[in-house]
Amino acid sequence: GLCQVLGSLHISITIVFVLLCSGVVETSNDQSTVGVQNYLEKAAQNLKPIVPIKFCISSRTDAGVHALCNSAHLDIQRAPGKPAFTEKQLICSLNYHLKTEPIRILNAYRVTNSFHARFSALSRTYIYRLLMGCAHYSEIPVFERDLCWAPAGGYLNVPAMQDAAQFLLGTHDFSTFRSLNSETPFQSPVRTILQADIQPSSGFLSHYYEHRGLEFWELKFRSRSFLYRQVRRMVGALVAVGQGKLTPHHIKELLEIKDSRAFPPHAMAPPSGLFLKSVEY
């Protein structure tokens, strides 16, 4: 009509760490914490759109979870006579108005009106960072605080964890491995895990403290979509295997039970070690 419309834009965003935000999804005005979506939409209002801009974000994360790369789509309607933003203008402007928030726009792409950041995704990849060799939480390097999990006991039986992870591959009913929320009655518990790997990794500045005998490991999971807190529950169960509290075959039994109440108490991994690595289209 009278407005020049820049169709949907697919935006890749990066969240290095979140200190003030309660996950990705926007929060209401009466909450004391603010979601990443709130910050994005506040920055976007500086573009002076005719209609308030809403971000549709690909993957929603809990408070304390990080994103190396997340994706969102949005529509921008500018005033009559105003040219459409270029991708570069949009990136620079949003990053400028995000200022000191730990959020950065990496890329922007024009997409068709049928594109949806959440429902068009082919797969999502999460990594979970574990630290072994710490007898106590206070021994975690200061640069790794809130960016990994150091399970109690110091060391884990990684081969047993790798054996257990194989039971998670493929298509299963993951009812035991999801936490209940408002969407639970409307979601199928069936998911297909395309990748479940456990590999050694390196710390951000590990060469400065390698003499301490610390070991970093990454658990990588890839699926088209995950259930609420599914990755954290899978990690927690695998760590329980590494600690000798469960056997690898117990993972198969938990899958077969198909009941979230059967999940071992206090076994869910904390959010600090979890990273959304990428969203594939």
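Just so it is clear, glycine is given a Cβ too, placed from its N, Cα and C backbone atoms.
All annotation found in TrEMBL is predicted automatically rather than curated by experts.
Since the structure is predicted, the reported quantities are computational estimates derived from the model, not experimental observations.
Taken verbatim from TrEMBL:
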SIGNAL    1-27  signal peptide
ACT_SITE  ASP62  active site, nucleophile
BINDING   TYR126  substrate binding site
DOMAIN    164-281  domain 'Pseudouridine synthase I TruA alpha/beta'
Rounded Cα-Cα span from TYR126 (substrate binding site) to the residue listed as 'active site, nucleophile', Å: 13
Nonlocal residues around the residue listed as 'substrate binding site', in sequence order (Cβ under 8 Å, 6 or more apart): LYS220, PHE221, ARG222, PHE226, VAL231, LEU274, PHE275, LEU276, LYS277
Segment-level pLDDT (mean, integer) for the domain 'Pseudouridine synthase I TruA alpha/beta' (164-281): 93
Packing count at ASP62 (active site, nucleophile) (other Cβ atoms within 10 Å of its Cβ): 16
